[in-house]
Amino acid sequence: MTAPTLTRPAPPAGDAGPRRRRREPSHRPYYLVLVVLALFAIGPLVTLVFNALKDNASIGTSPLTPPTELSLDNFAQAWTQGDFATTMRNSAILCLGTVAGVCVIAGLAAYALSHLEVPASGAVIGWLFLGSALPVQLFLVPLFFMWTNLGLTDSLFGLMIIYWATDSPFATLLLRSFLIKVPKDYQEAARLDGASELRIIMRVMLPLAWPGFLTVGLIAGLWAWNEFFWAITFVHDPALRPISTSFLAFQDQFSTDLALTSAAAIFMLGPVVILFLVLQRRFVAGLTSGGVK
Amino acid sequence: MALHAQAPPSTGRPLRAEQQRANRRAARRRKARALLFLAPLLGLNLLVVVGPSVATVWYSFTDWSGLGPATFVGLDNYTRAFGDPLVRAALMHNLIWFVLFLSVPMGLGLLGAFLLSQITRFQMLFRALFFIPYVVASVVNASVWKSLLSPTNGIGHALGELGVPWIGDVAFLGDTSTSLISVNFVVDWHFWGFVAVIFLAAMQGVDPELYDAAKVDGANRWQQFTAVTLPGIRPTVVFLVLMTVIWSLKAFDYIYVMTQGGPAGSSEVVSTYMYKVAFSQYEAGYAASLGLSMAFVTALVLAVYQLVRKRGWEA
């Protein structure tokens with residue numbers, strides 16, 4: 001199964017011509033609707049930022065308006081009460097470990113599927129597509145049983161292994177699409193010079209396909225940071241919770257304190273949105289090609 | 001090492017037996033090496049996905065609790081699932097979910113993508129703004145909307161204060177008649193921008209000459225949209241429709257966080273029900289049969305997709 005391939009948005013053809021310029025005013029209603037849609041998309045998150053900067057009294061009287069005075073008290077209070085130093089560290093470990101593992105595992109597999117002779121490679125690729133579309137409910141319960149017996153529940157490493165396994169198929173397919181563009185001549189020239197396969201990957205493939213690795217790394221990191229289902233099922237120890245499930249627990253505990261929970265939500269949302277705005281193209285390209293998941 | 005650079009043995013040249021054997025050995029070694037590179041991926045897949053999936057098939061025919069031994073009970077779990085009113089209610093909710101999840105994000109996505117395809121200035125900015133909710137964690141989005149939908153300090157309350165009738169006291173998530181569509185609305189909200197970006201990429205792949213031809217024929221914008229744009233992006237539409245079936249069956253996160261399937265089961269779907277059966281009721285065997293059925297439906301949808309693609313109905 002193949003997702004429709006997405007090409008990088010080309011500049012719309014012919015828009016700059018004088019013929020179009022004459023019709024420019026007719027685009028105004030388009031912009032009007034686009035602004036309404038943008039407000040719909042972003043408005044709720046903007047009210048979150050507002051609430052994080054207000055105190056509960058002013059949220060109570062006018063919940064949806066901007067703050068009248070800026071206060072960072074909520075952030076300081078949420079940081080200590082939610083123990084975000086610990087959960088952020090846990091999530092950082094999870095993200096880095098997941099990104100590194102997925103890049104290595106998927107990188108090796110993608111190299112094999114693009115430049116080596118894999119027997120029944122079509123079947124392998126087909127399975128990778130199918131495997132990433134199947135619902136996790138298919139293997140959830142026996143996996144939990146096995147992880148309990150192996151002592152891998154309540155363990156960041158145990159959670160990381162699951163992320164490696166569930167993210168790598170998608171990452172392999174994405175990286176393969178990058179590696180397949182590297183001409184075989186390069187690889188064969190390196191081989192004739194006596195380079196080992198691993199050396200070829202490090203010295204030939206990585207430098208040429210690094211945008212692919214960057215994309216895969218970003219997506220795997222984003223998923224590990226945001227992931228919630230596996231974390232809540234497999235990690236119950238509060239000291240080991242990643243930010244997603246600890247935020248949820250925090251929000252349940254302080255459900256009446258909207259100012260505090262909003263500040264906590266900013267801790268989780270902030271890094272993602274900033275990174276997204278900086279590397280927008282790469283995020284969009286990676287996530288839209290992973291539409292199967 | 002240099003053997004790798006050789007051409008594959010099937011060059012048609014007559015080869016001496018010894019050379020042929022050497023070539024076969026080299027080919028075997030090349031295949032073994034390729035498998036070695038695939039081993040971490042396939043090994044992990046076997047450990048986490050394939051192994052437990054096979055176990056699910058077995059457990060679905062047992063009365064397993066999730067911990068102790070399991071006794072074979074034949075098709076009991078499946079006959080139970082067919083008769084279970086909670087499964088039926090959950091499936092109904094999945095169906096409602098599917099209809100909403102198909103129409104709302106697709107409609108908004110098509111609208112957004114079409115408008116984006118018509119403009120040049122700020123296109124990237126709007127695209128980014130539409131896309132942001134999709135990259136924000138489900139727990140955060142859910143928490144934002146929980147407060148926005150609250151009857152005491154949410155949007156409805158604010159509108160009620162302004163004098164809008166009815167909406168002031170609606171507990172969107174706490175009322176059995178609105179809980180499911182309210183959660184679905186939040187999922188649609190975070191998802192439509194993603195759909196818009198996919199549609200935009202597809203629209204930019206449509207041959208501009210087709211639009212010029214339509215214009216020569218005197219087609220207005222709407223006619224161009226229905227006669228050129230929609231047929232041009234049909235493969236993407238077909239793909240998204242079929243994926244929506246799968247995604248609707250998988251719906252879990254937002255429901256689990258926002259309503260936990262309630263109140264009174266009014267937003268329970270198959271995946272949240274299956275989760276409860278497994279981890280609250282400790283009926284892992286029954287849960288396995290539900291999980292396997294979900295996977296079966298998913299595989300069926302993917303098979304249909306392959307068929308549609310091969311037949312070329314979408315091209």
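Any Cβ shown, glycine's included, is placed from N, Cα and C.
Quantities reported herein were computed from a predicted structural model and do not represent experimental measurements.
As recorded in TrEMBL:
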type: REGION; residues: B:1-23; note: region 'Disordered'
type: TRANSMEM; residues: B:34-59; note: transmembrane segment
type: DOMAIN; residues: B:91-305; note: domain 'ABC transmembrane type-1'
type: TRANSMEM; residues: B:95-116; note: transmembrane segment
type: TRANSMEM; residues: B:128-145; note: transmembrane segment
type: TRANSMEM; residues: B:189-206; note: transmembrane segment
type: TRANSMEM; residues: B:227-249; note: transmembrane segment
type: TRANSMEM; residues: B:284-308; note: transmembrane segment
Check the transmembrane segment (B:227-249) against the transmembrane segment (B:34-59) for contact, please; criterion is three or more CB pairs under 8 Å, pairs 6 or more apart in sequence.
no
Considering only the recorded stretches B:34-59, B:128-145, B:284-308, state which has the highest number of Cβ pairs under 8 Å to the transmembrane segment (B:189-206).
B:128-145
Out of B:95-116, B:128-145, B:284-308, what stretch is closest in contact terms to the transmembrane segment (B:34-59), meaning most Cβ pairs under 8 angstroms?
B:284-308
Within the same chain, where does the transmembrane segment (B:128-145) have neighbours whose Cβ lies under 8 angstroms from its own Cβ atoms, ignoring anything closer than 6 residues to its ends? I mean 6 or more beyond.
112, 186, 189-194, 196-197, 253-254, 257-258
